[in-house]
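The ATP binding site annotation in Swiss-Prot covers GLY111, THR112, HIS113, GLY114, LYS115, THR116, SER117 and rests on sequence analysis.
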Amino acid sequence: MDKDSTYYFIGIKGSGMSSLALILHDEGYKVEGSDIEQYTFTQKGLEAAGIKILPFDPANLREGLTVIAGNAFTDEHPEIKKARAMGLKVIRYHELLGQMLDKYTSIGVAGTHGKTSTTGLLAHVLSGLDKTSYLIGDGTGKGIPDARFFVFEADEYRRHFIAYHPDYMIMTNVDFDHPDYYKDLADVESAFQQVADQVHKGIFAWGEDESLRKINTSVPVYYYGTKENDDFQATNISRTTTGSEFDVIHKGEKLGRFTINLFGEHNVLNSLAVIAVAYFEKVDLDLVQKELLTYQGVKRRFSKEAVADNILIDDYAHHPSEIKATLDAARQEFPDKKIVAVFQPHTYSRTAALMDGFAKSLSLADQVVLTEIFGSAREDAGAVSSQDLADKIGNNTKLIHQDDLSAISDLHDAVLVFMGAGDITKYENAYKALFK
């Protein structure tokens with residue numbers, strides 16, 4: 001990499017792109033980028049670092065730039081076309097990240113669900129114990145030139161994680177998602193097998209996932225979970241309204257009892273994966289326990305605030321399995337309150353392909369409210385609607401619009417769980433504005 005060049009990020013507000021931009025900035029590289037003008041939660045960190053954010057415009061491009069192209073954009077994007085026409089070096093996000101890993105003990109976190117939460121937890125724990133660079137999918141990134149560890153989120157979309165050859169990899173689960181790219185579950189499984197073959201030292205995988213049990217590769221695969229056949233087993237689990245406690249057993253030996261101020265079974269599993277990695281890197285597990293206790297979570301993952309006499313939870317969940325996990329966590333922390341799911345379906349292809357799963361998982365809430373479907377940069381229309389999903393759920397499921405929140409405006413002493421990967425926060429802000 002060249003410190004005389006300026007690294008120009010096309011799509012700098014993207015969750016991974018903003019994280020990578022922050023890492024390069026921390027390591028002393030010159031960084032700027034472009035994106036849509038609409039405010040996104042990721043730009044706060046970029047602005048705090050003094051990184052210039054420009055509106056998309058081919059005129060932004062000039063000699064001396066190294067262009068980092070966001071994976072959300074095709075080669076037909078006007079800025080990418082202009083960069084290539086000018087002869088500028090153009091690197092895709094995942095390619096640059098892959099090039100950076102060799103300097104560290106690198107630990108990737110892959111999985112259809114739970115990547116960001118687990119990456120954030122691992123980064124927090126290791127940062128408290130040794131120098132650690134990290135890239136988290138919530139727009140958070142930190143670069144330390146002489147770091148021991150590099151923790152990063154490895155995205156399976158379009159097989160982008162094939163660019164990575166890490167020392168270790170955590171695999172949280174394998175599920176069918178991204179139906180605009182993957183044909184079926186077997187197609188997703190083949191991608192995870194491919195990246196497993198590129199790991200140098202070891203893989204830590206959730207033991208109850210049938211797809212992950214099929215992984216067959218040259219490095220050891222250590223399974224974690226709650227069953228006796230798992231290499232790292234969580235036992236004597238206690239889930240309360242303040243968090244969870246559990247023992248960790250490895251090869252018949254109790255490694256310790258651990259406490260987390262987090263909710264939901266998935267956070268016990270995420271913590272178990274982190275403990276397993278720390279164990280193999282010979283990190284003091286008493287210190288790991290102390291770091292686990294101070295973890296507050298990542299952005300847009302079960303973020304809570306009080307609004308009037310209600311609790312508002314903001315979460316990125318946009319797949320049936322994630323919705324189930326988020327509602328499970330809400331039930332654990334607030335067992336005596338009404339749970340209201342406010343969900344923004346994300347992409348038409350995913351909504352159509354996983355319709356039955358969405359209906360089943362959302363039905364775990366006491367009440368369901370839907371917004372219109374959020375399209376994407378790749379897909380802005382489809383033959384399915386939120387009303388189709390509402391009809392599938394039944395149980396008086398309602399639809400809301402940003403200027404008509406009547407379905408939720410009169411709720412009292414309830415927990416409103418806003419979920420989605422699009423712009424669901426605009427509905428949250430409109431709701432909060434009712435009480436100002």
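Note: Cβ is positioned from N, Cα and C throughout, glycine not excepted.
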Those binding-site residues listed as GLY111, GLY114, and which of them has the most Cβ atoms within 10 Å of its own Cβ: GLY111
Helix, strand or coil at SER117 (ATP binding site) [DSSP, three-state]: helix
Residue among the binding-site residues THR112, THR116, SER117 whose Cβ has the most other Cβ atoms within 10 Å: SER117
Fewest-neighbour residue among binding-site residues, criterion Cβ within 10 Å, set HIS113, LYS115: HIS113
Shell list (ATP; ref centroid = CB of GLY111, THR112, HIS113, GLY114, LYS115, THR116, SER117; cutoff 8 A): VAL109, THR118, THR172, ASN173, GLU322
